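*Asks:* Below you'll find the structure I mean.
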């Protein structure tokens, strides 16, 4: 899709995955961006929203499928992680397609975390989903006839906008796509402003995204998995010395949720940050040497984990999930096709992850996605089984885990860290 010269930026950024970035001190800043919760996997009566969960799982599978395609396109198929495989496009079951799209509802139950991003001169503001599991910034274009209900980007009204060659396209589980045109423009996240940032102005949106409460998405992953083949926003900010530190951090919770760009917010955590070097230089925020316990007993160990703020349900490879749930008393298969399991609501397991240091426990409220139906006494667990194509020893930990820790992502040190919430 892109010429070798275009991909020079990606190659340079990948060198940073082996060598921490050294930058000259500047007057750059650090800023906090308040985040809002949008939507839910629980219905108002506390039951599990199965239809919405299936759509989220399909969307997650196809996001990481696209990441692997981007990685192969940008760096060659030899760059795929060991054991990784580009799977066929996941699709929403026909039974759900016939019911039509399920609208997201703002029940403040942690399905999606959004904040404000400004693009262009003068600024055009958007509600954006911040995603560490992807690497592109895209928003609806003013020429998009299917982008109903969303704010749109009009490049002709920005004096700093520049149209670029190439194209942008992502496939979704309903068989449709989001596609558009690359541009560069000034982008401001909180008080951090960069110029010449690559973004996609989407001219055609999937029906799934027309239902989404966010206008678009800002990827915080590494350049190697970018569809646009250029530095994501935060890497541009680091390169341009627009931030004090090459670090961003998340607090996701019932209140005071925020993305902090350019460092950490010491008011939101206590103690020290336990940091872990990335185990892969393939584009993901991926750390190895993980283990998980159930009620204090080790259930699995020696696996890698991708920390993904853009996913809600945690996912383990199918066989690993089966083994995990086999150690949860009273568990049973709830949806075999989607890898979902249930457990007795009155005896929720205590789940904790560790990377050789502290054990980080997931609250029972976060692990419980809701009752299978009112009065059933069976609740759906937030760990599913599914093959994302990332390899047989790689698990994905999303918001269900991140809500229980303060999470720190360092481009300077190529690491992910965790701290106790204040």
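The backbone N, Cα and C atoms fix where each Cβ goes, and this holds for glycine too.
Features from TrEMBL:
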ACT_SITE  131  active site
ACT_SITE  308  active site
COMPBIAS  156-166  compositional bias 'Low complexity'
DISULFID  345-379  disulfide bond
DOMAIN    113-419  domain 'Peptidase A1'
REGION    139-166  region 'Disordered'
SIGNAL    1-18  signal peptide
*Asks:* Using a Cβ-Cβ cut-off under 8 angstroms and a sequence gap of six or more, which residues of the chain neighbour residue 379 (disulfide bond)?
*Replies:* 48, 342, 343, 344, 345, 348, 368, 369, 370, 371, 372
*Asks:* Can you tell which of 131, 308 has the least company, meaning the fewest other C-beta atoms within 10 angstroms of its C-beta, among these active-site residues?
*Replies:* 131
*Asks:* Tally every other Cβ atom lying within 10 Å of the Cβ atom of residue 345 (disulfide bond).
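*Replies:* Cβ-Cβ neighbours of residue 345 (disulfide bond) within 10 Å number 18.
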*Asks:* Express the distance between the Cα positions of residue 308 (active site) and residue 131 (active site) as a whole number of Å.
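*Replies:* Cα-Cα distance, residue 308 (active site) to residue 131 (active site): 7 Å.
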*Asks:* When the compositional bias 'Low complexity' (156-166) is classified with DSSP, how many of its residues are helical, how many are strand and how many are coil?
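*Replies:* The counts are 2 helix, 2 strand, 7 coil.
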*Asks:* Average the pLDDT scores across the domain 'Peptidase A1' (113-419) and report the rounded value.
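*Replies:* Mean pLDDT for the domain 'Peptidase A1' (113-419): 93.
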